[in-house]
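A.B. asks: My questions all concern the structure below.
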Amino acid sequence: MSITLLTNFERVEVLLNAPDTVSVSNKRWHSAFVAIYCSRALMSHFTPNNNTNKTKPKALPKPTSSFTVVDLNSHHSFGIDQTTLTDIVKEKDLQSLENFGGVEGVATALETHVEYGIKGDDDAEDITRRKQVFGSNTYAKPPSKGFFHFVVEAFKDVTILILLVCAAFSLGFGIKEHGLKEGWYDGGSIFVAVFIVISLSSISNFRQNRQFDKLSQVSNDIQIDVVRSGRRQHVSIFDIVVGDVICLKIGDQVPADGVFIEGHSLKVDESSMTGESDHVEIDRRRHPFLFSGTKVADGYAKMLVTSVGMNTTWGQMMSSISSDIDEETPLQERLNRLTSSIGKVGLAVAFLVLVVLLVRYFTGNTKDENGEREFNGGRTKFDDIMNAVVGIVADAVTIVVVAIPEGLPLAVTLTLAYSMKKMMADQAMVRKLSACETMGSATTICTDKTGTLTLNEMKVTKFWLGLEPQSAYSKVAPFVLQLIQEGVALNTTGSVCKSNEPGSEFEFSGSPTEKAILSWAVLDLKMEMEQLTRSCSIIHVETFNSKKKRSGVLLRRKADNTVNAHWKGAAEMVLKMCSRYYDASGIVKDLDNDSMLKFEQIIQGMAASSLRCIAFAHVEVAEEEVEDEEGNTMVKVKDNGLTLLGLVGIKDPCRPGVKAAVEACQHAGVNVKMITGDNVFTARAIATECGILRPNQDTVGAVVEGEEFRNYTHEERLEKVDKICVMARSSPFDKLLMVQCLKQKGHVVAVTGDGTNDAPALKEADIGLSMGIQGTEVAKESSDIVILDDNFASVVTVLRWGRCVYNNIQKFIQFQLTVNVAALAINFVAAVSAGEVPLTAVQLLWVNLIMDTLGALALATEKPTKELMDKLPVGRTKPLITNVMWRNLLAQALYQIAVLLTLQFKGESIFGVTSGVNDTLIFNTFVLCQVFNEFNARKMEKRNVFKGIHRSKLFLGIIGFTIVLQVVMVEFLKKFAGTERLNWGQWAICIGLAAVSWPIGWVVKLIPVPDTPLLNFLSKKK
C-alpha cells in the first residue's frame, strides 16, 4: 500500500508543479481537479477492497463529453524537479543530497547513469525532453544596441549640431526671402549632406557592433568533454543538458552547476563567483558541489550536471552583463590625440576665416552676384544681414568639419573589424581589439613546441626495457608487462572504448601523450583496460602538471590486497626517483652510477632523435606506509626507492610548413624563441628541424634550461636574453621571467601558451596567443588571440594581419592629412585675400564624406601583401606619421594648393569662364585630386601604385562609386551643390590637373628621407 501511495503522491506532485502561465479560469479548473484527484487517491487506501476474486480487471472507461482522462505519467516528468536540484547545489545542502540517495540517487531520478551518462546521440528525443524540462545551457543576454542608438551617438558631435543649427537658420531665412520653392536649397542641402554623413557613420558602427556580437558568441562556444552512451565525446557548451556526465581536467571551465561523481585531487578556483582566491577542494564526502563559471585548478574528475543556463548563479550573473566593445586600443588613443591636435589647428583657421569674412562683410567689401555691395548700413534688411552671417558661420563651421579628421577613428574601427573577420577565416580569433594592431609591432615571438611547432599527433616508436631496446614483446617477462599495463591503465587521465567507426577497433581519448601511450599499450601490449581498472581500487592520485612533469597513483589490488605505487613522467625526472630497474627477463638490478649513466645516454639518444622520452616506475608499498598511527590513509604516493619498468620514446613530427613560417618571421626581423618543457636534447633537435637554430650553430648561450635561466641574476638575464633561442625544461615561471626581461629590453613580445600555468605569461605579454585545440579555458581567457588550429603558421598570419592593420591606418592618415592641409590652406588664403571661400558648406561636407567614410572604407580594407614581411618591425617607439608619410603628403598638398589657388585667382581669365563655372572647376578638381591621390596612398614607398589593384575589388568599387556621385553632384544637383554644369573640355581640364598627382607621387618617392623622425630632428635643432 505504501508503494502505491508514494506513486500516487508523486503523480500529485506532477500536478502541483504544473506551469503557472495558464489563465485565471484555467487555474480554477486545475485547482478543482487537483482537489478531486487528491481526495480520491487518499480515499482509495481506506476503502476496503471487496474484489478478492482473481477476475479479469475492468477496462478503463471510454472518455465521454463529460470528462477527460489525464495521463499523470507525463513523459516529461523526472523523479526530481529543477527547484530542488538548484537548492541542493546552491545551498550546498549535503543532507538533502543524502536524502535523495546521494549522487547515484540524483542520477537515477534524472534517468542517467554516473558511468555511462545519458543516451545522447542514440536518443535525440531524450536531449530535447531534458531541454524542455530543465532548460538549455544558454543565458538571456541584454539586448544589443540598436541602430537608433548609433544615430543618437552620431548626433552628439558638436560640429554636426552647429551645422544643423546653421542649416535651420539658413532654411528659415531662405524660405522667407525667396519662398519655399527656391529658398530651401541652401539650408536643405546642408541638412541632406549632414544626414548622409550621419547615416554612413551610424551604419558602419551598427554593423561593427553586430560583428562583435557574432565573434563573442563564437568565443563563448567552448567544447566540453562529456560521456554519453558510455562514450567520451566533445559537445558544445550550449548543448550540455541536465543529467550529462562531464569530464573535467586542469584548466577547464565548469560548464554548469552539478555534483562530483568521482575524481582525484580536484581543486577549483571559485574566485569568479565568491571573490576568494583560495582554491576549494572538491570531494565526494565533504564538498561535492561544483558551480558553473568556476575553473579547475588541479586534478581531474567527473561531474553530474544538475542545473544549466539561467538556473545557475553564473547564468543569472552573465545575463546582466553586456559585452563592452567600447575599449580604446593604443592606436585609437594615439589617433584621438592626433585628431585633437589637428582639430585645434582647424578651429583656429576657421575662427580666423570667420573674423575676416565678418569684417569684410560689415565694412562693405563683399559684393553680390550683380556686383553690388551686400552691406549698405541701415538700408540693408535685417533678414539679409542674418542670412549673410548664417552663411559665413556655416562656411567657418564646415571648415572645422573638414579640418577635424573624424575618419581616423572610423578607419581604425573599419580596419580592425575587417581584419578580425578575415583573421577568423585564417584560424585566429581575436578576443581583444588592441591585439590586432599590437601584433604588427611585435619584435619577438616566444612559442611552445608541442602542438604549435609540431603536429601533436604522437606515437610510441621506441621501447626500452632495462638497457636494451625491445621490439618483440613476447620476449618480455609476463609479470613486467603486467606491471607496465597496470601503470598505464590506472595512472592516466585518458580512456579507451570500443569504436563505432568502421576500420578502427578502439577509440582513445585524453591528451595527445596519453592517447599515444594508451594506443601503444592496447594495440601492442594487448592491455585490457577495463579488466585492469576493475581489478584495483585507487587510494590516491598525484596529477601531472607542468611543474612536476610527472604523475603518480597509489592503488590496492583486489586479488591480493597489496598496495602499489606507479609513476609516469619525464624520463630524467622519474629516473632520479629509482634505485633499481627490471631487465627483459624480469630480473631486478641495482641502478648504480654506471647504469644511471647508460640510462641517461639512452634518454639523450632518443631526445636527439626528436623523441619525447617517458619513463614508467613501480614500487610495492608496505601497509604501515599507507596508514598513519591513527589509521587514516596517507595522502601521498611513495616517490623514492622505485623500480624502473621501462622507457618509451614518443615521436611528434614537425608541422609541414613550420620551417618556412619561422624563416618568414626571421626575414621580417622578428625573433622566434622556443620555450618547452622537454629536455634540452629534444628541444635542440626540434629547434634545428624547425629552423629556429641553424645547423652547426654554436648553442652556447643560445640553448639554456629553465633552471639555469632562473638562477641567473637579474642583470645576467637582461644581458643574455636576446641571444637565447631555446629554453628547455622550463616552468611557466621561467616563461614569465623571459617575457618580463624581453619587455624591459624594449621588445614587443608575443607569447603562445596552452596550459593553465601559462596564464601569467600570456597576461604579461604584449600579445597573448592561446591554443584553440589543446588550450585550457584559463589560458584562452588570459589571451588576446586564440589560434584555432594550434599552428605556428597561423601565428605568422596574425603577424602579417597586425602589420596590415598598422599599414592601412598609416595609408589613410597620409591620405586624410593631405586633404586637411590643402582644404585649410585654400579656404584660409581665399578668405583673407578675396573675402570668400571657393568651396561651399555642402561641397566641403561632400569632400568630408569622400575622405572620411569612403576613403576609410577603401584604404582600411586592403589585404596583407608579401611586402609587409620585408620590413623590420615597428616596435614601441617609432612615430605614427613617418618621414616617408610627411614627404608624400606635403608634396601632394602643396601641388593641390598651388593648382586650386591659381584657379581661384586666375581661372576665369585663363579659361574664359564665369565665376560660377570657375568655382565648379575648383570643386571638381579638388575632389578628383583626392580620387587620384587615393591610388598614391595605396603604396607609401613603392612607385608602382597599381600592383595588385585587380585583387582590391572593394577599393575599385569605391573609386567608381565616388566618381559617379561626383558627376551627379556637378551635372545634376546644381542648386543643391551650388555647381554649374561643365562641358567635355572642362571635365578634361579637371581630370588632367588631378592626374598630375600620379607622376608627382612617382617622382617624390625617388627622394630619400632620413631614418630619424622629423619631430625628433626638429627638437635636436632647438
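Glycine too: its Cβ is placed from the backbone N, Cα and C atoms.
Just so you know, TrEMBL annotations never went through curation; they're auto-generated.
As listed in TrEMBL for this protein:
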type	residues	note
DOMAIN	99-175	domain 'Cation-transporting P-type ATPase N-terminal'
TRANSMEM	158-175	transmembrane segment
TRANSMEM	187-206	transmembrane segment
TRANSMEM	342-362	transmembrane segment
TRANSMEM	385-418	transmembrane segment
TRANSMEM	817-835	transmembrane segment
TRANSMEM	841-860	transmembrane segment
TRANSMEM	954-972	transmembrane segment
TRANSMEM	984-1004	transmembrane segment
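In terms of burial and nearby residues, how do these features look in this structure?
C.D. replies: Mean predicted confidence for the domain 'Cation-transporting P-type ATPase N-terminal' (99-175): the pLDDT average there is 80.
Residues of the same chain lying 6 or more positions beyond the ends of the transmembrane segment (817-835) and with a Cβ under 8 Å from any Cβ of it are 342, 345-346, 349, 352-353, 356-357, 360-361, 365-366, 395, 399, 402-403, 405, 844, 847, 851, 881, 885, 888-890, 892-893, 896-897, 900-901, 904-905, 926, 929-930, 933.
Tertiary proximity for the transmembrane segment (954-972) is limited to same-chain residues at least six positions away from its ends with a CB under 8 Å from its CB atoms, namely 846, 850, 854, 857-859, 861-862, 920, 923-924, 927-928, 931, 934-935, 938, 979, 981-982.
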A.B. asks: List, by number or range, the same-chain residues at least 6 past the transmembrane segment (841-860) whose CB is under 8 A from its CB atoms?
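C.D. replies: Tertiary neighbours of the transmembrane segment (841-860) are 163, 166, 189-190, 193-194, 196-197, 200-201, 204, 394-395, 397-399, 401-402, 405-407, 410-412, 414-415, 418, 808-809, 811-812, 815-816, 819, 823, 827, 923, 926-927, 930-931, 934, 937-938, 954-955, 958-959, 961-962, 969, 976-979.
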A.B. asks: Below 8 angstroms Cβ to Cβ, which residues of this chain, lying six or more residues outside the transmembrane segment (984-1004), approach it?
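C.D. replies: Residues 887-888, 891-892, 895, 899, 911, 913, 917, 921, 924-925, 928-929, 931-933, 935-936, 943, 945 contact the transmembrane segment (984-1004) from elsewhere in the chain.
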A.B. asks: Report the DSSP secondary-structure composition of the domain 'Cation-transporting P-type ATPase N-terminal' (99-175) as helix, strand and coil residue counts.
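C.D. replies: Taking each residue of the domain 'Cation-transporting P-type ATPase N-terminal' (99-175) in turn, the totals are 50 helix, 1 strand, 26 coil.
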